[in-house]
Amino acid sequence: MDGSAHLRDPPGPAVLRWRLEDMHIIPGTSGSLALRICQFSAAIVSFSVMISAANFSSVTAFCFLVAAMVLQCMWSLSVATIEGYAMLVGRSLRDSPLLSLFAVGDWVTAVITFAGACASAGIAVLVGRDIHRGCDVNFCGRYAAAAGMAFLSWLLISTSFLFTFWLLATR
């Protein structure tokens with residue numbers, strides 16, 4: 001014995017390792033395409049609910065949410081189209097230069113969506129609970145629903161960003 005202690009792994013079953021490439025939610029997969037479609041759907045519902053309120057344009061936060069949802073819809077639909085085309089022709093987006101663009105675009109869109117959702121939710125609470133003008137006149141339910149769908153859209157695009165960034169960081 002030389003006095004050094006070397007530990008060896010005991011023989012046993014192979015250790016299962018989890019790899020990001022095995023996930024079906026990274027760009028260019030059916031899971032990612034479904035996530036993009038869900039992002040688009042949540043954003044379009046938020047947009048539709050907000051513009052259905054007659055006086056949304058009188059509040060800056062609500063106008064910002066509408067603009068953020070338009071950006072979210074355009075971004076999600078564009079990326080979904082690219083991912084759908086890549087799947088159709090059998091091309092992988094894992095090593096594509098578009099991956100950096102997807103990560104930055106998802107991050108920027110997520111930040112703008114979150115800001116719009118927070119601002120709109122804050123104004124909806126202010127109008128509904130603090131000013132006491134009556135929510136029937138002020139469409140508080142619609143404002144809250146639009147903010148809720150915007151938060152859902154933000155959650156979905158944040159998921160896309162995290163997986164895309166993780167894939168970008170590990171390649």
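Cβ coordinates come from backbone N, Cα and C, glycine included.
Here's what Swiss-Prot has on this protein:
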type	residues	note
TOPO_DOM	1-39	topological domain 'Cytoplasmic'
TRANSMEM	40-60	transmembrane segment
TRANSMEM	62-82	transmembrane segment
TOPO_DOM	83-106	topological domain 'Cytoplasmic'
TRANSMEM	107-127	transmembrane segment
TOPO_DOM	128-148	topological domain 'Extracellular'
TRANSMEM	149-169	transmembrane segment
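Within its own chain, the topological domain 'Cytoplasmic' (83-106) has Cβ neighbours under 8 Å at 21, 26-30, 32-33, 36, 75, 157-158, 160-161, 164-165, 167-168, 171, counting only residues six or more beyond its boundaries. When the topological domain 'Cytoplasmic' (83-106) is classified with DSSP, helix, strand and coil residues number 16 helix, 0 strand, 8 coil.
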